[in-house]
């Protein structure tokens, strides 16, 4: 009985977790307002492609890695280096709780992503961005988006 209740609650949480998808153009506008267009040489389409390949625009996505660390939020920021999840050792270079990276208010996420991109490797720190976005035409990510 307890096991069935746990499965039911876990399933409900997964459904809620999947419901925090931001529209591509809404994200573009927020990123533009936070001065990410051209930040460290990366365009808005780079950021949109990153958000898509990492989380499919899911602000509340959490993913466990084989090393026991977790990736959080729309950019899947890793707990081993960038945020504190209070579960495993973290360098916490962004000085932020990992749970803040799941907030619909993307300011903490954006500040942390800026810190990551400003360091060695830039967006190449995200393997999925390297595999699916780097060196590809990305302008279509802005199709239909009006920033003004």
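Including glycine, each Cβ sits where the backbone N, Cα and C put it.
Annotation comment: Swiss-Prot describes 1-19 as signal peptide, evidence class sequence analysis.
Among the features that Swiss-Prot reports, domain 'C-type lysozyme' is placed at 20-148. Per DSSP, the secondary structure of the domain 'C-type lysozyme' (20-148) breaks down as 53 helix, 14 strand, 62 coil.
For 25-145 (among others), the entry in Swiss-Prot reads disulfide bond, with the evidence type sequence analysis. The Cβ of residue 145 (disulfide bond) lies under 8 Å from the Cβ of 24, 25, 28, 29, each on the same chain and at least six residues away in sequence.
Positions annotated as disulfide bond by Swiss-Prot, on the basis of sequence analysis: 49-133 (among others). A C-beta separation below 8 Å, combined with a sequence spacing of at least six in one chain, links residue 49 (disulfide bond) to 129, 132, 133, 136, 138, 141.
Residues annotated as active site in Swiss-Prot, with sequence analysis given as evidence: 54 (among others). Other Cβ atoms within 10 Å of the Cβ of residue 54 (active site), summed over all protein chains shown, number 23.
The 10 Å shell around the Cβ of residue 58 (N-linked glycosylation site) contains 20 further Cβ atoms across the protein chains shown. Here Swiss-Prot flags 58 as N-linked glycosylation site.
The feature active site is assigned by Swiss-Prot to 71 (among others).
For residue 83 (disulfide bond), applying a Cβ distance below 8 Å and a minimum sequence separation of six or more within one chain yields 72, 77, 90, 92, 94, 96, 97, 98, 100, 101, 112. The feature disulfide bond is assigned by Swiss-Prot to 83-98 (among others).
Positions annotated as disulfide bond by Swiss-Prot: 94-112 (among others). Cβ contacts within 10 Å of residue 94 (disulfide bond), excluding its own Cβ and spanning all protein chains shown: 23.
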For residue 98 (disulfide bond), the number of neighbouring Cβ atoms whose distance to its own Cβ is within 10 Å equals 26
Judged by other C-beta atoms within 10 Å of its C-beta, the most isolated of the disulfide-bonded residues 25, 112, 133 is 25
Roughly how many Å lie between the Cα atoms of residue 54 (active site) and residue 71 (active site), rounded to a whole value? 9
Using a Cβ cut-off under 8 Å and a sequence separation of 6 or more, which residues in the same chain sit near residue 71 (active site)? 54, 61, 62, 63, 65, 77, 78, 79
